[in-house]
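I have placed the structure first, in the form of structure tokens, so that the comments after it can refer back to it.
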Amino acid sequence: MDKQLLETAVGKVLEEMRERPIPLGISNRHIHLSAQDFAHLFPGQSISVKKALMQPDQYAAEQTLTLVGPKGKLEKVRLLGPLRSASQVEVSRTDARTLGITAPLRMSGDLQGTPGVRLVSPFAELEITSGVIVAQRHIHMSPLDALILNVSHGDKVSVAIKGDERRLIFDNVAVRVSPDMRLEMHIDTDEANAAGADNPQVCAMLVNKS
């Protein structure tokens, strides 16, 4: 095949792949616990799988906790596994107001200077001094996905979400690239409500780099 024809064909295929929908995951409030904090809150137990999540080796656990803040509480907040090196609580802005906590917008794992909250299980309770965040909206992807979409780890992109009755463009969507990741955009419940994205079939579409 002529080199120019080959390049044209490859370019067309890549363009079609760039226009494919991105699966959308709506993250409700949830908790990641360290092994030490899990052992304190659920003595003698092991974290147990309730449902596998889209990202490899990630799952919703059977165990839940109550979050207690200065102004209110949130019950039956799901624990996600596996256990981590540090406990982290991810809430929406609405959840944070219910608790009476000013939670900063952060990427997962960026916990320095974040507020804490009281965690209550049926067996014990624990006050963590930091770890509560509102998660920055982001897209997980593999290196191959990043190559196809022409983005790199740490980039910020704009993404369009078309709900049942609305279309909304989100700017400043962080790109997270890892060989262990599958293509999926994560937004919280406040963002999903704003976009009318309550249908599990709703997908996102990459618009451009922010």
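Cβ atoms are placed via backbone N, Cα and C, with glycine included.
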Candidate from R78, R182 that Swiss-Prot assigns to the same CoA site as I26, S27, N28, K71, N193: R78
Which of H40, H186 belongs with H138, H140 in the Zn(2+) 2 site listed by Swiss-Prot: H186
Site-mate of H30, H32 for Zn(2+) 1 in Swiss-Prot, selected among E75, E90, E125: E90
Assigned conformation of E90 (Zn(2+) 1 binding site) - DSSP reduced to three states: strand
Shortest C-alpha distance to R78 (CoA binding site) - which of the binding-site residues R84, E90, H138, H140: E90
In sequence order, the binding-site residues (S27, N28, H32, H186, N193) whose C-alpha falls within 10 A of R84 (phosphate binding site): H32
Among K71, H138, H140, H186 [binding-site residues], residue with fewest other Cβ within 10 Å: K71
CB within-chain contacts under 8 A for N28 (CoA binding site), separation at least 6: R78, D188, T189
